[in-house]
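S.K.: This is the structure I have questions about; it appears just below.
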Amino acid sequence: QVVNYAPFTLLPSAVPGALFEQAYAVQQDFNLLVDAISQNKEFLERTLASTIKVDDFTARLFRIHVQVLEEGLAQSVFLGINRSDYMFDCGVDGTPALKQIEINTIAASFGGLTSRTAAVHGRVLKVLGKSEEASRLLPNNPSEELALGIAKAWELYGSQSAVVMFLVEEAQRNIFDQRCVENELWNRNIRVIRKRFRDVFEKGSLDDAKRLYMDGQEVAVVYYREGYVPKNYDQQNWEARLLLERSRAVKCPDIATQLAGTKKVQQELSQPGTLERLLPGHAEAVARIRATFAGLYSLDLGEEGDKIAATAIADPDRFVLKPQREGGGNNLYGEELRQVLEKIRDSPERTSYILMDKIKPQPAMNYLLRAHSPLRVSECISELGIFGVYVRQGKEMVMNKAAGHLLRTKAIEHADGGVAAGVAVLDTPYLV
């Protein structure tokens, strides 16, 4: 197998300090919101009703969610590791504003590698004779913070001999990112095993108390680094997922929290009154969250959906068309957006997408360093992610914090896609 270095920018990128602080300040609010959605069966059912009719993947996740609730939840400790992603929208008057792109509630990656990136950029700046600038780069260690959340969930599960299981893909391109978090757990004397869905299907079992066992070892925490796209599943893998969900083990995320991260939920949250209903008595949190929303539009069948579909077909460059998928590289822009919408405009299939206002950030110049790629200066845009970690036991929130940041940068000719999709590269914010 070939090992390549993860791609990164030569220099750190300028990020508006006030917007950076705003993104950190709202993260605990987003943690509370995701957790509230995951516990609200009626909200998820109502919001995803049109999507599960046309999107088989979301429908299957939802069926497992319903089955587990009907049997009675065995899990009593809940662990959320999410990442809320933003861009800096330069709008009409050119003043940058923080706008949320999405929130990732499953397998939010690069907490490990980004923990190493600031040191690389600090070295580069020193080599360039910029020691003063190097000293201004912020410390950032999401791998330690994510591990603290996993460790807390493991501790509350209450079995010293139980292990943490990383559920990983068949072929690992992003293994070193995961290893950073794993090593933090080993440093706390918490045993980690790495398994695939196939292993769970073949060797996983539940005892009478719904404790999960793998190869005879009790599993306290299942940390998903896969399972977020349809191609991760065949019939055996769906059965393995159901087994995991039925268990007492702490799932990160449990299936309700994965559903809370769907694009359809994101669009529903922007509707007037929705946040207030989900977070009653949290008026300030609601205001902080709402300030980060870009325009989001439903394509449900009916007059309103018809109108927004027609607007987008007429002026596709104003919008992004998003399917209910994680993992980057799925969104549609421009001419492609127009073609797809024209094709599905009168079919129920359009309800499996949402429309979002296209964000227009200010480009900057940087060098993108990639294995086997020519080095040239590129016009780039950046996306800021803030990691969040929370742990809830029963109804009590035991931990809720922002857990570090991730800056990803890509050349402006690439409309969509993250680092794992081979488009964006790792970066460090230089606050201005």
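Note that Cβ sites are derived from N, Cα and C of the backbone, with glycine treated the same way.
Just so you know, TrEMBL annotations are computer predictions that nobody has curated.
Sharing the features that TrEMBL gives for it:
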BINDING   R83, 106-109, 172-174, Q178, 225-228, R408, 419-420  substrate binding site
BINDING   E102, K263, 322-331, Y333, 356-359, E383, K410, D416  ATP binding site
BINDING   E102, N104, E326  Mg(2+) binding site
DOMAIN    162-260  domain 'Glutathione synthase substrate-binding'
S.K.: Given N104 (Mg(2+) binding site) and K358 (ATP binding site), what distance in Å do their CA atoms have, once rounded to a whole number?
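M.R.: For N104 (Mg(2+) binding site) versus K358 (ATP binding site), the Cα atoms are 19 Å apart.
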S.K.: I'm trying to understand the geometry here, so how far is the Cα atom of S109 (substrate binding site) from the Cα atom of K410 (ATP binding site), in Å to the nearest whole number?
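M.R.: Cα-Cα, rounded: 17 Å.
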S.K.: Counting each residue once, how many in the domain 'Glutathione synthase substrate-binding' (162-260) are helix, strand and coil under DSSP?
M.R.: 41 helix, 26 strand, 32 coil
S.K.: Of the binding-site residues E102, P323, E326, K410, which one has its Cα closest to the Cα of E226 (substrate binding site)?
M.R.: E326
S.K.: Do any of E102, P323, K358, K410 (binding-site residues) have a CA within 10 A of Q178 (substrate binding site), and if so which?
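M.R.: Near Q178 (substrate binding site) by Cα: none of them.
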S.K.: Among the binding-site residues R83, R173, K358, K410, which residue has its Cβ surrounded by the fewest other Cβ atoms within 10 Å?
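M.R.: Per-residue Cβ counts within 10 Å for the binding-site residues R83, R173, K358, K410 bottom out at R173.
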S.K.: Considering only the binding-site residues E102, Y333, K410, which residue has the minimal Cα-Cα separation from R173 (substrate binding site)?
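M.R.: The smallest Cα gap between R173 (substrate binding site) and any of the binding-site residues is with K410.
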S.K.: What's the CA-CA gap between R83 (substrate binding site) and E102 (ATP binding site) in angstrom, rounded?
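M.R.: Distance between the two Cα atoms comes out at 9 Å.
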S.K.: Any idea which of the binding-site residues Y228, Y333 has the thinnest Cβ neighbourhood at 10 Å?
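M.R.: If we count Cβ atoms within 10 Å for the binding-site residues Y228, Y333, the smallest count is at Y333.
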S.K.: Here are the binding-site residues: S109, P323, E326. Which has the lowest count of other Cβ atoms within 10 Å?
M.R.: P323
